[in-house]
Amino acid sequence: MAAAAPASAGTKGVVRQVIGPVLDVEFPAGKLPKILNALRIEGTNTAGQPVALTAEVQQLLGDHRVRAVAMSGTDGLVRGMEALDTGAPISVPVGEATLGRIFNVLGEPVDEQGPVNASATAPIHRSAPKLTELETKPKVFETGIKVIDLLAPYRQGGKVGLFGGAGVGKTVLIQELINNIAKEHGGVSVFGGVGERTREGNDLYEEFKDSGVINAEDLSKSKVALCYGQMNEPPGARMRVGLSALTMAEHFRDVNKQDVLLFVDNIFRFVQAGSEVSALLGRMPSAVGYQPTLGTDVGELQERITSTLEGSITSIQAVYVPADDLTDPAPATTFAHLDATTVLSRGLASKGIYPAVDPLDSTSTMLQPAVVGEEHYKTARAVQSTLQRYKELQDIIAILGLDELSEDDRRTVDRARKIEKFLSQPFFVAEIFTGMPGVYVKLEETIAGFNQILAGELDHLPEQAFYLVGNIDQVKAKAEKIAAEAK
């Protein structure tokens with residue numbers, strides 16, 4: 001039996017006021033739309049040009065009026081235009097049909113590849129999974145990337161903050177993670193572009209096609225769906241596009257029972273968009289001008305990203321830190337939700353060590369003996385203490401030279417340099433421009449390899465043999481090749 005249509009569906013109202021992206025609409029008495037319902041406004045402006053936009057109801061004002069936020073530009077909108085209550089929240093297409101496609105906040109394809117033949121749509125607003133549905137046992141999410149798996153392991157169904165400036169390899173790291181989850185875990189990914197540059201969104205799409213993550217010939221074989229609300233969009237779109245991407249990811253988790261990767265770039269822009277419309281909605285600004293509902297807004301998004309008994313959504317969120325101030329309310333609120341942080345270092349990138357993940361600054365709540373095991377924990381801490389000692393000695397080396405160090409310190413420096421090189425690895429998605437085949441390294445191989453370096457079993461091998469390889473067997477093979485070439 002078909003469900004009854006909502007009582008307010010199809011009710012027509014009239015636009016009474018427009019202030020930037022915020023508009024007031026008057027409806028007949030007793031037929032007001034519900035909060036978060038989508039309103040559809042279509043008509044022609046004074047110049048005879050067509051105007052069509054969707055707005056989301058945010059407040060009921062009294063006097064039969066509602067206040068709504070537009071999801072696209074309000075140019076040409078005039079008072080007296082008709083607004084139709086759709087009777088439901090904004091809904092987006094979900095399922096396999098979304099793979100390989102680019103959507104806007106309303107779930108409309110924007111890649112000129114024709115309509116999307118999705119068998120289902122889902123509303124972008126829903127409650128987080130119940131406590132009884134959650135997977136409570138912490139489980140490490142293996143990425144196949146040595147530096148992450150060893151020193152800052154990701155939690156399955158957890159949230160990771162990705163910190164890094166321009167040109168240090170954020171995009172390549174994201175692509176590799178998408179590639180690895182598809183090949184090793186049979187999972188798919190959803191990318192939410194929130195308030196970042198349109199050029200970057202286009203570049204990412206082209207790079208996904210080049211690396212095979214999006215199969216241009218057969219879109220059904222693609223491994224990622226893209227949802228963009230870039231920085232030229234009104235704040236309404238930037239405020240909701242993260243939820244549109246999350247809704248697509250939730251379908252893969254709950255219906256297809258898959259492990260999903262959700263990328264959000266950039267989570268700060270989601271907060272920023274909320275603060276832009278908050279004052280227009282008549283709310284009193286809070287600390288540093290942010291919306292008073294900051295904690296709730298972030299919490300509603302983050303609490304839906306989790307592991308259930310059916311599947312998981314593991315989220316990697318790029319975090320922009322305004323003026324490098326970690327105490328700013330936006331990043332500070334985000335940090336409370338993160339299980340791990342992956343910090344990309346310009347210093348490592350300039351040395352040619354990729355992925356340029358900083359082994360000392362990156363952290364994870366999973367790195368504890370009860371979760372990862374005693375051997376993994378001890379190896380990770382020994383690697384970090386060796387690298388920390390090397391960092392402390394660098395000033396002495398720069399002034400006095402390596403020869404002035406004690407025998408022990410020289411050995412530490414030698415091993416630390418090998419560890420630093422061994423933390424690099426060739427990526428599958430970078431094969432096209434490095435010419436080196438990518439490597440997925442199992443966690444056991446990673447731990448065994450670093451243990452051998454720390455124990456001094458590989459002190460006789462040249463440092464260069466550890467650079468851009470997978471496991472220790474490849475190190476030994478590379479060392480033999482270097483020795484043969486030197487003869």
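Note that the numbers count up from 1, one per residue, in the order the chain is shown.
For all residues, glycine too, the Cβ spot is worked out from N, Cα and C.
The number of other Cβ atoms within 10 Å of the Cβ belonging to Val168 (ATP binding site), over all protein chains shown, comes to 23. Following the DSSP three-state reduction, the secondary structure of Val168 (ATP binding site) is coil. Feature annotation from Swiss-Prot assigns ATP binding site to Gly164, Gly165, Ala166, Gly167, Val168, Gly169, Lys170, Thr171; the stated evidence is sequence analysis.
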What other residues of this chain sit with their CB within 8 A of the center of the CB atoms of Gly164, Gly165, Ala166, Gly167, Val168, Gly169, Lys170, Thr171, the recorded ATP site? Leu344, Ala349, Ala356
Gly169 (ATP binding site), number of other Cβ atoms within 10 Å: 21
Counting Cβ atoms within 10 Å of each candidate's own Cβ, which of the binding-site residues Gly164, Gly167 comes out highest? Gly164
